[in-house]
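Over in Swiss-Prot, the protein carries these features:
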type     : residues : note
ACT_SITE : Ser145   : active site, charge relay system
ACT_SITE : Asp221   : active site, charge relay system
ACT_SITE : His254   : active site, charge relay system
Amino acid sequence: MELIEKHASFGGWQNVYRHYSQSLKCEMNVGVYLPPKAGNEKLPVLYWLSGLTCNEQNFITKSGMQRYAAEHNIIVVAPDTSPRGSHVADADRYDLGQGAGFYLNATQAPWNEHYKMYDYIHNELPDLVMQHFPATTRKSISGHSMGGLGALVLALRNPDEYVSVSAFSPIVSPSQVPWGQQAFAAYLGENKEAWLDYDPVSLISQGQRVAEIMVDQGLSDDFYAEQLRTPNLEKICQEMNIKTLIRYHEGYDHSYYFVSSFIGEHIAYHANKLNMR
């Protein structure tokens, strides 16, 4: 991994690395925050998945998470949201193609050549983190919007691998809303059964479980009713007896003003779980 940015932050280092991804067949950037104790001991890892139009920069520059990651001694890994490059398929819209990988493995041309974000986040990136950084095997996952969807899917499909999961404003029923339907039709085809592998509410209804889910949702979020539908997640978790910490916030929208307001509580939540044995 090639170091391309290095910034001192709260006694640690906010770095950005570039590497070639075998899963995605392109060069990828990834943000890695190394807290002060990373120089002396191995630490647990929180993976953060960003939302539509984002890259690795949004979370590391806008959330203020470094203060809390330093306090709780957690390495934070923030990858890009899709494969990148002039040779990678793209679309002339914000919710498909580059910047909109949806953390799935595409099966349809032209997307299936590079869009294997599920494999990248689940397999390749954790292997690289273990090879290059002082990380323990204990990891948690979180994200925002499309990234909240990805975090929930990865945790639900791999409950023994992630200690905890949380999300800000996640797309909880992508097979039922325009963002998900349009992306899934392009990436996965018209067989809607295939869509359900990447739909948190559907996965839970099929019996996939995690110990607990934490979600924060702003009630002034323009996408709340049409695209996100947080109450669907709350309802299915109640039906399936999955513990939740779902909080609704008056006045907060879909932006990083919202994420930055509560990211400290999410990192503390994950730190508590990661440090339990």
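Keep in mind that glycine also has a Cβ here, set from the backbone N, Cα and C atoms.
This view paints the features noted in Swiss-Prot onto the structure.
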{"residue": "Ser145", "record": "active site, charge relay system", "DSSP class": "coil"}
{"residue": "Asp221", "record": "active site, charge relay system", "DSSP class": "coil"}
{"residue": "His254", "record": "active site, charge relay system", "DSSP class": "coil"}
Worksheet entry | Rounded inter-Cα distance in Å - His254 (active site, charge relay system), Ser145 (active site, charge relay system) | 8
Response to the item:
Cβ proximity for Asp221 (active site, charge relay system), under 8 A, sequence spacing 6+, ordered by residue number, returns Ser169, Leu228, Tyr252, Asp253, His254, Phe258
Worksheet item: Going along the chain, which residues six or more apart from Ser145 (active site, charge relay system) have their CB under 8 A from its CB?
Response: Gly51, Leu52, Phe168, Ser169, Pro170, Ile171, Phe223, Leu228, His254
Discussion item. Is it possible to get the count of other C-beta atoms within 10 angstroms of the C-beta of His254 (active site, charge relay system)?
Written reply: 21
